[in-house]
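Please read the structure below before turning to the comments.
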Amino acid sequence: MPQTNKARTSGGSAGEVSGPECGEPPPARAGEADQSDPVIVKSPSDPKKYRYIELSNGLKALLISDLTQSESNREPVAKEEEDSDISYKMSYIISQSAAALCISVGSFSDPADLPGLAHFLEHMVFMGSEKYPAENGFDAFLKKHGGSDNASTDCERTIFKFDVQRKYLREALDRWVQFFIGPLMIPDAVDREVEAVDSEYQMAQPLDSNRKEMLFGGLAKAGHPMSKFFWGNAQTLKNEPREKNIDTYERLREFWRRYYSAHYMTLAVQSKETLDNLEEWVRAICIKIPNNGQPRADFSDLQDPFDTPDFNKLYRVVPVRKIHALTISWALPPQDKHYRVKPLHYISWLIGHEGAGSVLSLLRKKCWALALFGGNSESGFDQNTTYSIFSVSITLSDEGFQNFFQVIHIVFQYLKMLQSVGPQQRIYEEIQKIEANEFHYQEQMEPIEFVANICENMQLFPKEDFLRGDQLMFEYNPEVISAPLTLLTPATANILLLSPEHDGRCPLNEKWFGTQYSVEGNPPPQRIWEKCGFVFRDPPVKLLLISQKDKKKFILFIRKNMKLKENTKY
């Protein structure tokens, strides 16, 4: 999905922040000062303190205080040894203050006649504000004070983030929030930023992952937002609008007024400040973000976007990289509401297992595959309110490419075996323990990445699960796991086969990225089975999960599961 990597130099002075502003006062709190929120569940190894607040304009914020290490008391680290140098740098990074804001609007909300508008607005809001009009003043301020910023636009969410040295957080926060209070978005900057968006589009074109997404998204039903061109470029944001007399600038401001509303926003701020200080700053600064009172965009009624004849076919694709790759995908009902069970995570553990009895171990023995990934990336492309994707991606050897039908057959047979056996509570609980251990002993993340992750979690989970909702498996429910597992069948699969061998044999071109491809009807399941002989013949006699010393190795012993058999039926 589109992401802005901002590294601009200043076009104006950085100026000084104004004095304290009149914001809404914090509510009276009984008990000790700097009180954390007892409802929020955190890792036992997490020393930070958390407080959740809601402003009267609807904005929700999580304040994060990390007072475990004093920057002023940090001793100099000797630079003679490389390890010491790395430790010094990591200590400096972790000591940064950071903030991130997630808005529940993304490229799904692009108007049909202006593809890429949400991504374009993500760029334009940073071009100065009414309070700080210097066009690149915020970037210059961050650069001067050891900070950075970035932004990304996904299908249904947009995230902005920055970090800076602790003593400049208050001023940086004020400058940054002005982009959501009163951005200038001056008309003179439109053409320049269109070129920046177009440059990102040009840089994205050689990446096979982006090319696959565009081809895949184009298979959605007409009228579903997944079929839109999310990136935007000079053609969609400048040339065509001029030909059609569309005022891109005015439409941009309309989009901002409609969707950049405080009640769509979740904010996370982390610093080595007290919670009381952070709350005072956030309330004073963020209360001025407008609330338009309108309901947020909702696409949850647009179910089954890939229930089309075009989806269940074999697509041969010419990749940019010299690689053979096979991806088998299924479009499932949205799974985000099942975050406490995480059915796709359970299935992906089994599919992605690399030990004895696994798909990859068999393919490697036959010298057909180099790597395998199974699951859902949890990006907006793979999981949103209209569908969830489950895919099995395999990097093939030359011989594996020649036998790709047999590779597909092995994957299908493994899935059939999992369906026959059904969910296993013992396996689920072992995975659950591994994830719980990782959560319990988690390492400190860079603040800018941590707050970006948390502000998005705030859009997805209740308050008690802000810090753990995307990691832990809370409860075993075989019915919830079986529901998507039973849908992983040959009849509903989409197959993408990438290989340089397809060059010159693919007459079709994807519209936006120019990907060369051809389409073949998927052979009926019986034909696939007739073409191959290796199957997972029997359900596993023994399923055993044990933890290695690193607590991460997943060992699944499946006996009597890889035998020769002809003409197996699904």
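One is the number of the first residue shown, and numbering goes on along the chain from there.
Quick reminder: no glycine exception, Cβ is built from N, Cα and C everywhere.
What TrEMBL records for this protein:
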COMPBIAS  1-11  compositional bias 'Polar residues'
REGION    1-45  region 'Disordered'
DOMAIN    95-206  domain 'Peptidase M16 N-terminal'
DOMAIN    248-433  domain 'Peptidase M16 C-terminal'
DOMAIN    439-522  domain 'Peptidase M16 middle/third'
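Look at the domain 'Peptidase M16 N-terminal' (95-206): DSSP puts its residues at 53 helix, 22 strand, 37 coil. The average pLDDT for the domain 'Peptidase M16 N-terminal' (95-206) in the predicted structure is 96. The DSSP breakdown of the domain 'Peptidase M16 middle/third' (439-522), given as helix, strand and coil counts, is 33 helix, 13 strand, 38 coil.
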